[in-house]
Number of protein chains: 2
Amino acid sequence: MADKKKRKRAKDSQEEDLPFKSILESDEAILKLLKSYISTSLTAAGSSGASSSSSSKPLTLADLSLSSSCREVADLSLSSVQTEIETVIVQIARSILAGDGFSFSVPSRAASNQLYVPELDRIVLKDKSTLRPFASVSSVRKTTITTRILALIHQLCLRNIHVTKRDLFYTDVKLFQDQTQSDAVLDDVSCMLGCTRSSLNVIAAEKGVVVGRLIFSDNGDMIDCTKMGMGGKAIPPNIDRVGDMQSDAMFILLVEKDAAYIRLAEDRFYNRFPCIIVTAKGQPDVATRLFLRKMKMELKLPVLALVDSDPYGLKILSVYGCGSKNMSYDSANLTTPDIKWLGIRPSDLDKYKIPEQCRLPMTEQDIKTGKDMLEEDFVKKNPGWVEELNLMVKTKQKAEIQALSSFGFQYLSEVYLPLKLQQQDWL
Amino acid sequence: MADKKKRKRAKDSQEEDLPFKSILESDEAILKLLKSYISTSLTAAGSSGASSSSSSKPLTLADLSLSSSCREVADLSLSSVQTEIETVIVQIARSILAGDGFSFSVPSRAASNQLYVPELDRIVLKDKSTLRPFASVSSVRKTTITTRILALIHQLCLRNIHVTKRDLFYTDVKLFQDQTQSDAVLDDVSCMLGCTRSSLNVIAAEKGVVVGRLIFSDNGDMIDCTKMGMGGKAIPPNIDRVGDMQSDAMFILLVEKDAAYIRLAEDRFYNRFPCIIVTAKGQPDVATRLFLRKMKMELKLPVLALVDSDPYGLKILSVYGCGSKNMSYDSANLTTPDIKWLGIRPSDLDKYKIPEQCRLPMTEQDIKTGKDMLEEDFVKKNPGWVEELNLMVKTKQKAEIQALSSFGFQYLSEVYLPLKLQQQDWL
């Protein structure tokens, strides 16, 4: 008994000191606020019609009359991919039999052929294509590689299995020579066939984890993410075998890094405020991006992002939100619309009185990256983000999520996040 | 129907060509062989008494009369850690009140204080300690940091929560200045208190995953690893909340890399040959090492390792098996005895006729690393390993696990591994 009392006292005395703890309302009050926010934003989305990106049917290139001048890929079934490949090969055979040799028409993925479409808030490919003839010294190798990749993908379709890009490379090292070559042609083939890379059954190694109020099926097994302990569920590498998502969460919390994820998972934050917590542990990988998008689309929940207060935190947010230049042809399937920037925002540093010694000076490179991002369309369309980024570049200070630990290890889950939710403080 | 027939034919024709497929026996025959191997090795272990490392009670420093001259740490309960810290602090208070100031006695973790004990097949610390007085210009900072870390750990004990090393650093950036300083003192504190780092509730970010015939509890939730789809279960960062392990597996398959893990998980290899498949996705992290050891100790299953055929593959095997120099004080808790080297072994390259173009030439650095490893005790005690490593250094060739994909994407799960099991081909 004495021991228990001692523990309780130690805990209380520390908690009373926590800054801003006093203005925190009860969990019930915060939940009520959240509920009204969600129903308001759903109504707003409904009344504004097709232009809303948060919950009604999203805009497509066709809606903008861009489908002839821009190119995007779609998820195709395995049998459709198989048919597409067979169609290409039959055309080639005809061309050869007619004495014309053969060539592939490959959409260009160069930067000059990329376009940011503000209405979609995504990068897409323009319509330029290049011809890749077999009977040309400069392209014979690439044409051969393309043919080989088509044959390998056809094999994957027949067997209905998934492989990694590395596996693909090793099936014919002599021809591919270097993995960058087979990887590049793989992206070409996606564009040629008009399908996503995951439709080709070529997957990326996954590193993301998810925990919280979500039930889904992974390759036929039903997974309850409230019963995944502290480790969480590893996000499956193959999104096409993920389905049946159900949730009673009020929002999705997208966390940049591992340490913050562990804190929230151990504290079972999702039981206090019903939510789904997801992280890619740093740079967003394809599997996590696909998984986040699927959750957003099926569950229609707001996505709140918790990232470091530095240019790379915002960069990571942008990759989830509007895609990477590298895979712009697939942006419609990889990006999640309407992600809110919850924190850590540059203005939080003063607002939450983060001690000077927990802030880090930005390097020359950081500042340059920050200034470059101010020129990016995806930042410019959000005045609140511009303001925050300007503040960061001006103060030349950055901070990691962990900087909040200076107020105690559980400050993140016990004060910072509840207060953010209470004040609906996101941009 | 026609479609189905076509698919079947395509599959068959490819499978018939697979090298060594013809000498593969039926799954039932292989399982029977495995069963007899396991019962034989268990009997052998039983009859050889306390000296066996595979299944009976493992040797300790005390058994070797080394407990006074060598040092190891143990898992302590939270309340024991709390008591240990309080004891240290009371001693300090007495010393200060007596007018003597205070100092900590800290076990040295320098290389000169490390010892490989062949009987244990582990690296341990010798008994040298250094005094860290507060009243000395050269050690006042380190002594202050040590005191602060003790106070923080005491807090973790009271609240019963886990934090990362990064969190710990951020609680007092002004004092610690640099994370390497708080990390180093954290290891000092482990040694001082005689407990493992996980007993201090300071955890490493986890990246490992597990799938297959294993049921265990993670923070109170029961996890069935046969129902984790393709993504698998993320290995929990805090081993102290893992328990209740049950399994009907015949062996544990330790896989170095992601791609091979994905192949085996998708093919549900564990249903064909009952096993548990685990990977740290590259360099072994502390959470995966602790988890592997716990499985081995509780389930008493053979551990078979599938790593790249290069010096780093063997290095990774050695970290699982006998520890890293960095955390040698904790080797008893972090290492898994008696791991077998299944493949890819240098002799496999010729045996399985891996095509020349899938083998890579070793760099100067690779060869040097290989030669250095030939001098390591943990290699030398296993003549089979020495032979393999000599072959690698002589042929100057290395190969990744994925090199097997040159025979088809599923060669690993359909031929290579079953044949290895059939021939009990491990060292």
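Glycine residues also receive a Cβ, built from the backbone N, Cα and C atoms like all the rest.
Heads up, TrEMBL stuff is auto-annotated, nobody curated it.
Secondary structure by DSSP for the domain 'Spo11/DNA topoisomerase VI subunit A N-terminal' (B:141-202): 47 helix, 4 strand, 11 coil. For B:141-202, the entry in TrEMBL reads domain 'Spo11/DNA topoisomerase VI subunit A N-terminal'.
When Cβ atoms from all protein chains are considered, those within 10 Å of B:Tyr170 (active site, O-(5'-phospho-DNA)-tyrosine intermediate) total 28, not counting its own. Annotated active site, O-(5'-phospho-DNA)-tyrosine intermediate per TrEMBL: B:Tyr170, in sequence order.
Summarising the annotation, TrEMBL assigns active site, nucleophile to B:Tyr170.
Look at TrEMBL and you will find B:206-242 tagged as domain 'Type II DNA topoisomerase VI subunit A all-beta'. Under DSSP, the residues of the domain 'Type II DNA topoisomerase VI subunit A all-beta' (B:206-242) split into helix, strand and coil as follows: 6 helix, 15 strand, 16 coil.
Residues annotated as Mg(2+) binding site in TrEMBL: B:Glu256, B:Asp308. DSSP assigns B:Asp308 (Mg(2+) binding site) to coil in the three-state reduction, outside any helix or strand.
Just so you know, of the binding-site residues B:Glu256, B:Asp308, the Cβ with the fewest other Cβ atoms around it within 10 Å is the one at B:Asp308. For the pair B:Glu256 (Mg(2+) binding site) and B:Tyr170 (active site, O-(5'-phospho-DNA)-tyrosine intermediate), the C-alpha distance works out to 33 angstrom. For B:Asp308 (Mg(2+) binding site) paired with B:Tyr170 (active site, O-(5'-phospho-DNA)-tyrosine intermediate), the C-alpha to C-alpha distance reads 38 Å.
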